[in-house]
Amino acid sequence: MKLKTKTMEWSGNSLKLLDQRKLPFIEEYVECKTHEEVAHAIKEMIVRGAPAIGVAAAFGYVLGLRDYKTGSLTDWMKQVKETLARTRPTAVNLFWALNRMEKVFFENADRENLFEILENEALKMAYEDIEVNKAIGKNGAQLIKDGSTILTHCNAGALATVDYGTALGVIRAAVESGKRIRVFADETRPYLQGARLTAWELMKDGIEVYVITDNMAGWLMKRGLIDAVVVGADRIALNGDTANKIGTYSLAVLAKRNNIPFYVAAPVSTIDPTIRSGEEIPIEERRPEEVTHCGGNRIAPEGVKVLNPAFDVTENTLITAIITEKGVIRPPFEENIKKILEV
């Protein structure tokens, strides 16, 4: 079997990933033939977005196992898994996908067609992601009124998944149901995923979109120009605390102050049942150059100190609901998240 979407393409021997660093100006694919190359693509944000990272890692796992030469196959598998796992610490889908692949490995380690079984599992994961996103979209669209203006942050669209998207999936599904929707996309410094990726996706779909600077959101909310905020997630704790792109917490505080519903759209696989609250979620710190430079040009003084956390945590008291493929979760989050996980 093969896979071909805008975000990624699996040929059976390699994984091609749309280089999201070069969008919206250049549509170019990077071909990965080894698990190390997939790990590099994840680390360098050639591919990004929690669900997309997870599926890319699953295909990287397949490529790595195929490169096995001699010695203990289990030891080699653990090396491959570790190389992929240490790329980005916050997105739980990465570890969920690798653990799922490892489980299949141990269940079939003695089978002659082990590599084929692993490839089929990665493909199954990819196609499941598309269906999950469409279900998230359908569930979330019911919360969006006709004529709404939606504020979103970063990119939780088709580019952040195998296809369709989570937060943008909600917007897509609302539009597909006949609703008139307008979107304000935060530019999302420092990597500009909103300006570069979200705007690009929505324009291709013919959905009305405005790019705004991150610090405009409060002004727009106060003027009554935002009806709802819809964002994605990289990890959700058992109590509903949510890690997402840096700046999400600020939007949630502003939304709460202005009585605007704040929705998180994410697959159940983004919920980490081993973490009770957001205080336990590891936050990735990225290179200072992402802040001091923009478009390859330095915009800050030489030698200035920089903080560059890639994510922040929004506590559950600021979240109106979490939209998943299994349904919409409302407070009390810990109780209702446990119910969803049991479904």
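Note that Cβ sites are derived from N, Cα and C of the backbone, with glycine treated the same way.
Over in Swiss-Prot, the protein carries these features:
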| type | residues | note |
| --- | --- | --- |
| ACT_SITE | D234 | active site, proton donor |
| BINDING | R48, G49, A50, R88, Q193, N244, K245 | substrate binding site |
| SITE | C154 | site 'Transition state stabilizer' |
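In this view, D234 (active site, proton donor) is surrounded by 31 other Cβ atoms within 10 Å of its Cβ, with every protein chain counted.
Cα-Cα distance from N244 (substrate binding site) to D234 (active site, proton donor): 5 Å (rounded to the nearest whole number). In this view, N244 (substrate binding site) is surrounded by 29 other Cβ atoms within 10 Å of its Cβ, with every protein chain counted. A50 (substrate binding site) sits 5 Å from D234 (active site, proton donor), counting Cα to Cα. Taking the Cα atom of each, R48 (substrate binding site) and C154 (site 'Transition state stabilizer') are about 11 angstrom apart.
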